[in-house]
Amino acid sequence: MSKGKCKKCEEKCGKGKASPEVLSQLELGYEKLFKSDSPSMLKRFLIKEMFDKLKFKKTSFGSTLLDCIQSGLENLDSGIGVYAADPECYSVFADLFDQIIQEYHTFSPSARQPPTDWGPSNAFGNLDPTGQFVVSTRVRCCRTLKGFPLNPCMTEDHYKEIENLMQPTFSNLSGELKGTYNPLVGMPKDVQQKLIDDHYLFKEGDRFLQAANACRFWPTGRGIYFNAKKSFLVWICEEDHLRIMSMQPGGNVGEVFGRMVNGVKEIQKNNEFVASDRFGYLTFCPTNLGTTIRASVHIKVPKLAGDMTKFKDLADKYHLQIRGAAGEHSESKDGVYDLSNKRRLGLTEYQCMKEMYDGITEIIKAEKAKK
Ligand code: ARG
């Protein structure tokens, strides 16, 4: 990525060190975090020595430790609490990021992301042919476009440029992927809400992203592309530049994954993505690095849900993450849970998918066996 002459830098930067204003905000925030009982990795890993070392640093984009941790400082209920305000943050603030990445993905500081491997095209079948448990399946990946900074350093023009840049790519998509782009600007509120309720569109006003400075100039440049069946979708400029996803009712992981892979390959023909040797595809949040794949099912497991300790133990054993059906930070409704692979870095795309597929297979077995 080209070194940023971002607007923020031009306005605030100056020398290569955090300003007194940033330092005092950091000190205040740190004190509050330290006294809190926040469950976040930020709280656990940012010990005083590390804080005192990192608080002066600044990347060439002008990002400071505050830019990376302010979401976790403002939202003490964060699970992680940290975002990379620009790609350099992963190295400049590596002391902090490496620990989070190691724990979240079980990826050691000396490990490297393997090259992309989507695996054989017929590797996955239907998780639940009788349709008793799996309501729907969704696979997504994230991409950062070369030549653009990450959210906190983006100008209003960057958002517009990305949206414009994607239009020829979208018009070229054909067959099953053919669809329309729907910008958030000008979208009637009821249409937007229906897309959110039906689990197609990102929510508005995510307080974790807002505090991370990721929602500036909203809704400029944000939007969603989808095909007629809404089984192939691309989000523009939400948390990442691109979120490419495929979804459909039922448990046919093979079909869902295959469609996403086709979509990614098509989009890649006209666009270059940011990747690093060590972390694979670069994303705004350290939980999404590597393959960036989150493969999930909405699943009904009423018996397991009645024994949350067992359910959570099983999920941990198979590296699955449990969420509510309305997405991240939501509660389960009507006993439907969102289960997905937790690790995305240090594995190939195929291995990520397999981790989810095998894990869900075991979850279904356990649900059937439970009295
Ligand atoms: N920052 C939020 C937290 O720490 C979200 C983390 C992972 N999710 C994401 N959408 N990047 O809880």
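Just so it is clear, glycine is given a Cβ too, placed from its N, Cα and C backbone atoms.
According to TrEMBL:
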| type | residues | note |
| --- | --- | --- |
| DOMAIN | 22-106 | domain 'Phosphagen kinase N-terminal' |
| DOMAIN | 133-370 | domain 'Phosphagen kinase C-terminal' |
| BINDING | 136-140, H199, R243, 294-298, 323-328 | ATP binding site |
CB within-chain contacts under 8 A for V139 (ATP binding site), separation at least 6: M245, S246, M247, V253, V256, F257, M260, I293, R294, A295, S296, M353
Most crowded position, judged by CB atoms within 10 A, among R243, R323 as binding-site residues: R243
DSSP three-state assignment (helix, strand or coil) for V139 (ATP binding site): strand
Secondary structure at A326 (ATP binding site), reduced by DSSP to three states: coil
Binding-site residues (S136, S296), the one with most neighbouring Cβ atoms at 10 Å: S296
Structural state census, the domain 'Phosphagen kinase N-terminal' (22-106) (DSSP three-state): 52 helix, 2 strand, 31 coil
CB contacts for A326 (ATP binding site) [other CB atoms within 10 A, all chains]: 16
